[in-house]
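Quick look at what TrEMBL annotates:
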type	residues	note
REGION	1-54	region 'Disordered'
COMPBIAS	12-21	compositional bias 'Basic and acidic residues'
TRANSMEM	114-136	transmembrane segment
DOMAIN	119-296	domain 'Amino acid permease/ SLC12A'
TRANSMEM	148-171	transmembrane segment
TRANSMEM	192-213	transmembrane segment
TRANSMEM	246-265	transmembrane segment
TRANSMEM	272-295	transmembrane segment
DOMAIN	407-690	domain 'Amino acid permease/ SLC12A'
TRANSMEM	411-431	transmembrane segment
TRANSMEM	451-477	transmembrane segment
TRANSMEM	497-515	transmembrane segment
TRANSMEM	551-569	transmembrane segment
TRANSMEM	575-597	transmembrane segment
TRANSMEM	609-633	transmembrane segment
DOMAIN	704-822	domain 'SLC12A transporter C-terminal'
DOMAIN	836-1082	domain 'SLC12A transporter C-terminal'
C-alpha cells in the first residue's frame, strides 16, 4: 500500500528557539565537563549530590545526607534534649450617591434661604421644646442650681463641640439629603455610617415618642384632666392610671400625626413657623414673668402641713378648721386626714401634731430663695417633698403616708438620671445641615447658624436655671406636676400675662416637634435604604409615586409606638439620649480622623476647628452616655456593633473615600514598620503562605483544593498570598493577567481563603516564580512558607522545564530561608465542607527541621475538617540508637510541647542493597542518558528529521514498484512531538533489552554511580516502611530531601522523590526554613 509521509516541524517563536538553543548549549557544556571529569559520562567524584566519600552514616539515610550535614538527626536532637534545658527558643462617591437616590421626592419650591431662616430658626425650634416646659423646673429643684448648671454646661459643651466638628465636615464639600447620616457615612465609611445612621434614626423616632408623650401629659394634666379614661380610686394607683391614659391617648395621637404626615408633608412644613412662634412667645412670657416678680410676685400659695407639701386639689382653704357663724367647723383638708368631719374624729397623728401653713410658691427675685435652692435634694421613690426650714413634729405611721395627699417623688432621683432626662433638650443641632440644599450659601450658613443657635439656647437654659432657682420656692420646683398649685404647670405660674400662654405654647411646641420627627425619621431611613448598604432595609427605600417614604413611615410609627407604650417621658428621654450621643460621638470622631490623617480632600472652609476639640467632644459624648445610663449605653453600643458587623459581612461594598480606610492604611504602615524591626519570636511563628497556583489555558484554577488546604492550615490567621505566573510581556498579557486575578479571587472566595492575590507576567515561568518568592509581601508582612502542588505529570511532559521549574523553586525557597510544603495528589485532599471521620495524620520525622512537622498537624487539627483525626509520629532509629530510650525522650518532648500524639520508633538496619534497587537505579540512569541525548540542537533535529523523510520516501518508492494494485495513498503528517515519541519508544525498547542483559551480568552493577544507588536504596526502604505503617492514614507528612547541589542530576532527584512517595495517597512533603518554629517554653 503506497503511503506518503510528510514531516512538518512545529515552529516555535524565534525567542523561544533561541533560548532553547542557549540552554541546549549550556547543558551540553555541562555534560562535556562531566565526561572529562569521569571519563564515562557518569558523574562520580563530582556528584551533583554530596561527596560520596563520607559513608559513615550508612546506606539508610543517604537520601537525607545534605540535611544531616546542616540539621541534626532526630535521634541526636532527642539525645540533646533529654534534660529539656538547652533548647534554643529561636527567635465613586458623588456619582454613586446620585445614582442610588432612586425616584426623587416632589420638591417644594422655596426661595433660597439665608442663615437666619434656613439654619438659626430651625435649630432653635428643634432644640427648645418639651423638656424646657415640663421638666426643667423639676430638675432645678431636685439637682439644685449648681448641679443643674453643671448638667447644662456638660450637655451644651457637648453639642457646641459637636457643632464645631459638624461645621468642619459640612463645609468640606456639598452635603446632600441625609444630613448627619451622609456626613458620617462619607467620612467613616458605610459600616459606621449605616450603624450610626440607624442609631440616629432610632433616636429621632424615640424623640417623636417623647414629644407625643409630652403633648398628652400637657393635655391630661393641665388642660382637660377630666378627659382621663382611667381614673384612680386610690392615691397609690394614680401613677398607673396616668400611664395607661398616656398609652391610650398617645397611640391615638400617633395615629393622627402619622395620617397628617402621610397626607401632606407640605402642611407640616408650613406650620413649622407657627410652632416656632409659639415657642418664642412662651420663652418671652417666662422672662416677662421673671421681671414682673421683682415688683409684684404672682399669688400661688403652697399649703404645708408641718414641713410637708400638700396636694392642693381637693380642698379650697389651707386650714384644719374654720369659724363660720361663730361655729368651729372642719374643712375639706380635715376630711382627708381624719375618718370623719367631726372634731372628735380619729385623725392622723402627724396631722394633729403639726400646724398648717401657707408659703408663697413664687416669692420673686427679691427674695433670698436662691440660697436655699443651691443644693440638690435627691430621694427615693415615694419620698415626701418637704421644706427643712419649717418646723415639724414626727408622728404617725410613715407607712400610711403614701395614702395621704402629700406631694411625693414619683421616681427615684439622682444626678445621672437628671442628665439623661435633660440631654434631649439640647439635641436638634443637625436641623441646619439637613437643609443644606435649601441654603443660599450652605458653607457659610451652617456653621454660623448652628453655633449661634446653640449659644442662644445655652444662654436661655443657663438663665432659666438661675432665674427658676431665684424666683420659685424649692418645694414647688420639686413638684413635677404642679399638684401643690392646683394642678397648674409650674413654669406657667411664673409666666406673664397668664399660665395659659405657656400651656398653649408648650402643647403646640410638642405637637410641632412630634410632626417634625415623624417627617424626618422616615426620610432618613429612606436615604439609608437607597444607599443599599443594609440589604434587609431595601424595601423601605420605596414609597409613593412622588417619592414619599410610605413603608418607612409605617416602620417609624411602629417603633414610635414602643416608646408610647413605655408611657413615661422620664423613661423615654434617656433612650433617645443614647442614640443622639452616639451620633454626635461619631461626628466628632470623623472630624478628628480627617484632621489627623490630613487626607488631600480635607479642605473645610470652616477653619475654627482642631482635632483636640473633636476628641474632647467625642470623650464627652462617651462619658455622657455612661453617665445617663450605663445599661442603655451598652445596649445602644451593642445595637450599633451588630449593625456594623452585618453591613461588613452582608452589605453592599461602597468606596466613599472614607477616613477609616485612611486610618487603616496608616495603621498598616505603622504595623509594617514595627514588624520589620525584628523577626517574630518562635512563640509567634506561624506559616505565612505563598501559594503557587497553576492555571489552565482558560485562566481557570487547576487545583482548587490547594486553596482548601490553605484555608484549613491558616483558619483565617496570618498572611496568605496566592501567586501565579503568566508567560509573556505585561503589555500584551495585561488583560489575561486581570482575568487570571479575577478567577483566582473567585476561587479564593469559594474556598474561603482569606488573603491576597498576586499575578506576575514574566518572560518565563522560572523567573516569574523567582520574582514571587523574592518580592511577594511588604516589609514585615512577607511570606515564610511556600506551598505548591507536586508536578504529577513530570514524566509525561515533553518539555523538561516542568520538573526543572519545580526543582528550581525548591532551591530558591531554600536559598530564601523559606519553608516549603509540597502536596502530592492535592486533588484528593478534602474540601472545606468535608468532615473526616476517624483517621490519623501520620508524621514521619527523619530530620529535625525546626519543628515544622510538629506544628503543621496541630494547625490542621484546629479546622473542622481534620478535628477528629489523631496525630501519630514516627521516627527512624539507626543501628546504634536505643529505640526504647528514643521513644521515651520523644514522648517527653511532645509532653513539653503540649501536643497529644502517638509515638512509634521504626528501626531501619543497614541491609544489603537489593537487586530491585540496582534495577531501579539502572533504569533511572538509562532514562537520564536518553533525556540528555534528546537535548540536540535545533539544526541537528531538523537534519535527523530530513534523513528520516528521505529514508521513508525511498522505501515508499520500492513498495510502489512491487505493488500492482492498491488503495489510494494515505498522507500522514508528522509533527516533531510525534516523531520524538516514536523514536523514544524504540530507544526505550532497546534500553529494556539492554537492562535485562545487563542484570544477567552482575559485575556491570559496579559501573553504576554508587551515590545514586545508596539514595535509591534509602528511597525504596523508606517507602516500604511508610506504606506499611501509613497507607491508611488520612494524611502523611514527611521530610522532603533537598535537591542536588549540581544541576546535572536533577532528573534523578525527581525519580528519588517519586519512589519515596509511591503508593501513598495524600502526602505533604515538608522542608524547614532553617529556624525553630515551635518551643517548649511558655
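Heads up, the Cβ atoms here are built off N, Cα and C, so glycines get one too.
In the predicted model, the domain 'Amino acid permease/ SLC12A' (119-296) has a mean pLDDT of 87. Here the transmembrane segment (192-213) does not touch the transmembrane segment (148-171). Their Cβ atoms form fewer than 3 pairs under 8 Å, with each pair 6 or more residues apart. Through the fold, the transmembrane segment (551-569) approaches residues 130, 134-135, 202, 205-206, 208-210, 212-214, 217, 243-244, 246-247, 250-251, 254-255, 258, 261-262, 518, 521-523, 525-526, 529, 539-543, 575 of its own chain, all at least 6 residues removed from its boundaries and within a Cβ separation under 8 Å. When the domain 'SLC12A transporter C-terminal' (704-822) is classified with DSSP, helix, strand and coil residues number 58 helix, 26 strand, 35 coil.
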